[in-house]
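Listed features, source Swiss-Prot:
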ACT_SITE  13  active site, proton acceptor
ACT_SITE  41  active site, proton donor
BINDING   12-18, 40-42, 307, 333-335, 415-417  GTP binding site
BINDING   13, 14, 15, 16, 38, 39, 40, 41, 132, 146, 226, 241, 305  IMP binding site
BINDING   13, 40  Mg(2+) binding site
BINDING   301, 302, 303, 304, 305, 306, 307  substrate binding site
């Protein structure tokens, strides 16, 4: 038995929700370790769809403990709203099945407003990143700047007042620069104290709790959000998120040591998608790209934004295998490729006429690379609902084997529809 870390190996939206749900049924504890309510995922259980943004997937399954780690930035109002939405669907969330790290940073209204003001200004200047405007980046900035307000601060109104007084000069200076009105101390205090009684019952010393769970032999599932190519260090900077999204963050963002992480499962879509701005070497703007988007229902869970679509990029996933230490991948949405006459896989790039085997880190170079493709024959048969290798067309199996060879990691799971049971299991990550 081992613990499992689930990460996205592309730009997010790889289908982590289904795989995490499949794994969480067998886990005891499910931990979120980075990001905030900017990355959504949909779980389909017994025909009911649950859309989660902040809460760990384990929260919808009875008998599981869901944990929001210290690496997550928590919008308390979004948290309360998501809990209420689940309650309306018959899912009860209490401290018996959800704990939040007492040292997790809070997202405030001024973070959301700053995020929006920056995006508006960047849109006008042509430097837009394409954030969700939910205050994630500004909250992380305050965390790194050592002025953040954390979950535990809600329990001490007097100390909270001092911390609000410390954070406001920074934000009001920025707001003046954008021509926005300053924020009053009383506004933020009222905003926070109004949610304190609803948030504080969930607070926990998470590192200690997880250490106890580890010692008793609990199965722990670490649930990543977004994708490795959006990592603040290893992604396509500056078109990235504001946190580390690679597997190593599961340790730092939860308080467990790296030796406890175990199997690293990289969720990998059988083609490539991206939301928002930034480089995308294999992007297709033709009818094939439109086909992938429509058949794959490529619209964001949180924002509803249309995703950009393209061929599978083995060079980028190979980088993710290395930066995450991926043990095996879960290949998703293979069924979306059904019916295409031919398929292409990017194996490297040409940069100024020179062949290279990885995407360069420099933004200007990323904009100039041209993909180098291998072409494979497609298949006409349906792979939807396949649950064993024998159900797959020969060309589909050939495609999967080619992906494995090019990225340097084996397929542990193969997903053939949004339904959780439509999965071919090759290797059980919990038993590896």
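Note that Cβ sites are derived from N, Cα and C of the backbone, with glycine treated the same way.
Remember, predicted model here, so these are calculated numbers, not experimental data.
Here the features listed in Swiss-Prot are painted onto the structure.
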residue	record	DSSP (3 states)
12	GTP binding site	coil
18	GTP binding site	helix
40	IMP binding site	coil
226	IMP binding site	coil
304	substrate binding site	coil
334	GTP binding site	helix
416	GTP binding site	coil
Integer Cα-Cα distance in angstrom, residue 38 (IMP binding site) to residue 12 (GTP binding site): 11
DSSP state at residue 132 (IMP binding site), helix/strand/coil: coil
For residue 306 (substrate binding site), nearby residues of its own chain (Cβ under 8 Å, 6 or more apart in sequence): 293, 298, 299
Neighbour count (Cβ, 10 Å) for residue 42 (GTP binding site): 14
Site with most surrounding Cβ atoms, counting all protein chains shown within 10 Å, from the binding-site residues 38, 132, 416: 38
Among 41, 305 [recorded positions], residue with fewest other Cβ within 10 Å: 305
Cα-nearest neighbour of residue 132 (IMP binding site) within the listed recorded positions, 13, 15, 334, 416: 13
Residue, out of the binding-site residues 12, 15, 40, 304, whose Cβ gathers the largest set of other Cβ atoms within 10 Å: 12
Cβ neighbour count (within 10 Å, all chains shown) around residue 18 (GTP binding site): 25
Residue 15 (GTP binding site): nearby binding-site residues from 304, 305, 307, Cα cut-off 10 Å: none
Rounded Cα separation (Å) that holds between residue 226 (IMP binding site) and residue 12 (GTP binding site): 4
Whole-number Å value for how far the residue listed as 'active site, proton acceptor' lies from residue 42 (GTP binding site) (Cα to Cα): 10
